[in-house]
Amino acid sequence: MTQYLPPNLLALFAAREPIPFMPPVDKLPHEKKSRGYLGVAKFMADFEDPKDTPLPKTVETRQERLERRRREKAEQVAYKLEREIALWDPTEIKNATEDPFRTLFIARINYDTSESKLRREFEFYGPIKKIVLIHDQESGKPKGYAFIEYEHERDMHAAYKHADGKKIDSKRVLVDVERARTVKGWLPRRLGGGLGGTRRGGNDVNIKHSGREDNERERERYRLEREREDREGPGRGGGSNGLDARPGRGFGAERRRSRSRERRDRERDRGRGAVASNGRSRSRSRERRKRRAGSRERYDEFDRRDRRDRERERDRDREREKKKKRSKSRERESSRERRERKRERRDRERGTGSGGDVKERKPDFRDMDVIKIKEEPVDDGYPTFDYQNATIKREIDDEDEEKYRPPPAHHNMFSVPPPPILGRGNASTNPNPDNGQQSSGDPSWWRQ
């Protein structure tokens, strides 16, 4: 088909010129002459000595970097803690109370509790000299603990014994003695010391009950709970170690030893400051015995009050249980049975209380098929009507009613006497025809 195309189109299908040949610059690979493979011994002198080779650079991984930062932070905290322990002196606190042996420590206070509320709650045990409610120095918010100084040491002991676990503003407080100035070597919790097991670690080691650490009953109950959780399994109890394996097991013994040391130190100080006079020593011993007797009486009074309160609570619980039982039994009964029983009891009481005369009760129209008619009050300006002696119109029964019967065919309709016309009188009573009325026998009188 292309041979029939015009020349201008045939030029489009013409072949291109071939590429011109150029001689190669180098010899071809098969034309070259090689000397074969040689060793590298002669090049060993060009390498450096292995002794002079630098050590490889190690790159720190992500885990190593996190561990390094954690270690550095722990070192800084330990250094700061050591420095604060060296500078800490509880005797130089500005807001501290005067006598530490008459000071009570109150913890776990509600943040909304005010100083006046604490005073009202703790003045029950004795007169209070000073209350120090601790606040944050930066934000000014309460920290949840306070110090209360009593005027007498026996009042402080009474509050220490009876106020522990008291609920103030819907929160149970913890009561303890001040230990910063009474126990040698004592440190607060922020410096690594302190007592209590609520912030030891996780849920498996923290103590959940509210109260002092030496509360043997609470500790025993908590230990039994931990053993029961361990028996149920680690999946439900949250740990396989019991209470005996936790750190800080001997806090109660340590606190008892610290109290005994406090007592010995106070007695030794009193012995040093005492005068050698026999009279003054006897008077002081007499005063001491009086104080002990007073504190003992105060303790006995508190114990009696506690027993009375517990008995009242038990009585109230019994009354509540009885009321619940009575209410349940009432709910089971139907309303009609209750109404009948009340009516019988009321009739019985009225019959026995008034010498046997039973008062007639009003009929209960709810149980009777009686229709009660409402009576209106009698008007003063109108006479009364006796309905009992009045004549009552009675309707005729259908059987006795006289049915309408049409007149016979021979009967003249005009023979029926018309009704009397007023003013004309009656023919039977006035037969005189001059009055304008015809006799009843004349049927055509009314047509005139």
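All positions are counted from 1 along the displayed chain.
Cβ coordinates are placed from backbone N, Cα and C, and glycine is handled just like the others.
In Swiss-Prot, the feature region 'Mediates binding to Psi' is placed on 405-425, out of the ranges 48-68, 405-425. Residues in the domain 'RRM' (102-180) partition by DSSP class (helix H, G, I; strand E, B; coil) as 22 helix, 28 strand, 29 coil. Sorting each residue of the compositional bias 'Gly residues' (191-200) by its DSSP state yields 1 helix, 0 strand, 9 coil.
For the region 'Required for interaction with U1 RNA' (91-201), the mean pLDDT of the prediction comes to 89.
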